[in-house]
Amino acid sequence: MRSFHGLVAVAFISVIAFQSCVVNGNFYRDVYFNWGAKHAYMYNNGDNLDLVLDKTAGSGVQSYNSFLFGSIEMLIKLVPGNSAGTVTAYYLSSTGNYHDEIDFEFLGNSSGQPYTMHTNIFTQGKGNREQQFKLWFDPTADFHNYTIHWNPTAVVWFVDSIPIRVFRNYKSEGIGFPNQQGMQVYSSLWNADNWATRGGLVKIDWSCAPFMAGLKKFNARACKWEGPLSIIKCAVPTPFNWWTSRVYKQLNWDQLGKMKWVQDNYMIYNYCTDYKRFGGKMAPECYKPQY
């Protein structure tokens, strides 16, 4: 059994690892516009990026590099006011029909109503693993850190260093896990009023346009994908592959307590409890411990 001081040390290391102050990437260097370049602005020497949506188009970026394992971090300030029908997306994805994907999506709201934070994970083209949350702060008032931490053991979604969700690797038991494909980083602001707000009942009010989401200090502290050899190279437990260290194989007691607080108080949808949607045939990972 670990000593109390050992647990505190692990908690301290984990908090430091996901503090916003370590996020120091550069948009000029690391990403390019994959659509809507005229509706976005990079500034502050590449530290900041504003995505814009109006009635003519939205905008989006993706990373030059693909990655396999590590931490992908972004500071985001969401569209303020009446953002109903808009979606600010931030996710990792490979390409092709059997792609892997790890998602944060922020579904807009009518003024005064909280955002819905939508999370999902795809393995080999299969998704339907949604969990949704309301946020415990105003995500439009300031920047907040959203981190996807991904290693051979698990995927963990963090908000301001607080874990909100875990998806563990049970591939040996026939459950898909994203560990064979490099994924690029994407972010976009787009019109999703056919589904985003109250199932598409609330449409975008274009009199409130242009809509703008702010991104800041993107950083990928991750293993660069260099083809199939990376499947082994990025997973080998070495000091250089810091994400494979023991600290990151299991949430510590402090992180578990914080995640329970989030899930007990702010989770509004969990695919593992939606028996009606799946006709009682729930995904096999729903019967497995995730943390």
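From the backbone N, Cα and C atoms, a Cβ is placed for every residue, glycine too.
Copied over from TrEMBL:
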SIGNAL    1-25  signal peptide
DOMAIN    21-215  domain 'GH16'
ACT_SITE  GLU101  active site, nucleophile
ACT_SITE  GLU105  active site, proton donor
CARBOHYD  ASN109  N-linked glycosylation site
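Taking the features listed in TrEMBL, we show where each one sits on the structure.
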{"residue": "GLU101", "record": "active site, nucleophile", "Cβ contacts under 8 Å, 6 or more apart": "TYR91, LEU92, SER93, SER94, ASN120, ILE121, PHE122, GLY127, PRO178, MET183"}
{"residue": "GLU105", "record": "active site, proton donor", "Cβ contacts under 8 Å, 6 or more apart": "VAL87, THR88, ALA89, TYR90, TYR91, MET117, HIS118, THR119, ASN120"}
{"residue": "ASN109", "record": "N-linked glycosylation site", "Cβ contacts under 8 Å, 6 or more apart": "ASN82, SER83, ALA84, TYR115, THR116, THR197"}
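Mean model confidence of the domain 'GH16' (21-215) amounts to 93 (pLDDT, 0 to 100 scale).
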